[in-house]
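Contents: one structure, followed by commentary.
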């Protein structure tokens, strides 16, 4: 078996140590390690993290391969330091059967760049009317444990209750896209001062908050797990905080873009800033950062949403919603959370690896960097600063809101079970 010696890495941001990989596992962590014939990677004080886990990725295959494929999406994931991603169900056909989730899972196995765990749809066709084959998807080769109609809300309270009851049997989780559809008809951006000035249809915070309030109460009533996708408002934070104080089994995520960007950017009418849920206010951004720091929000998830050029290069009203994020997520988290002192690197590992792996039951991921553990690792040059150039993305799509923006940090190496998928910033 091949061996790799990572020399002088700051494990979770601590003091420099050596990490020896033997085959698929970490053999040793310490100082002055040596191994005959090992490939040596001089970390020179770079930060070593467990491989990142994304609980919310859109890989688009099957059906929208013009936006992304499992292969290109997992290459983007490896470039961003991810070793495991959860693929949302809003594909064509929808991932609402054992056959479709197994197809996505097998495509991930074949890619070799990143493990792919499919997310199953809650309802047939994402139509919100009838439960999908939750049990069959769980029992399939893909072993689905997370279910979501993301892109749409499970708006019917009876359907949501039944889904929570069903997944409780195997400790699954329903990941809710919190958006009350009647309150967001014709919505184009956050409802507030900017939407009023621009004359664009407003997307009120209560459309998100009302669904979260309902669903945490349903989860309490059923005694099941619920996960809230992409929190975007200060009010949503308060509801989740209240629910956790009652002992309700709720977890929540925030995207990197909601930690950094505000609705003021929509004044440019650049559709790259059009996203669901919409960019909110500075007050919301600060509340989300604080909630991620204090643990009210459990994890960072990218909501990587690739779109072809023609779906974004058009007038605002006609543009698709969504941003790519796998290749910039860690840099945005460093800028908003680490460089501001809100989180240390151990906190980043917790929010971007340990906890998402736990929520999604991702076996072998989100593990400590210690002897005997799977060698799923990410090496980060935290001292680096550079401009984002989407021309260099591994993703098939380029719809990033950060083009030309200077961000800190760069992933230099990623290892998936001991195999280097990224070396010196280049995919293998």
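Glycine too: its Cβ is placed from the backbone N, Cα and C atoms.
The Zn(2+) 2 site recorded in Swiss-Prot includes 150, 230, and the single candidate from 138, 177, 257, 304 that the record places there is 177. Going through 298, 303, 311 against Swiss-Prot, the one listed in the Zn(2+) 1 site together with 56, 58, 150 turns out to be 303. Going through 90, 190, 376 against Swiss-Prot, the one listed in the substrate site together with 58, 59, 60, 276, 307 turns out to be 90. Ranking the binding-site residues 150, 177, 230, 303 by Cα distance from residue 59 (substrate binding site) puts 303 first. Ranking the binding-site residues 60, 230, 276 by how many Cβ atoms sit within 10 Å of each one's Cβ puts 60 at the top.
Following the DSSP three-state reduction, the secondary structure of residue 307 (substrate binding site) is coil. Comparing the Cα of residue 58 (Zn(2+) 1 binding site) with the Cα of every entry in 90, 177, 230, these being the binding-site residues, the smallest distance points to 90. Taking the Cα of residue 56 (Zn(2+) 1 binding site) as the reference point, the closest of the binding-site residues 90, 177, 230, 276 is 230.
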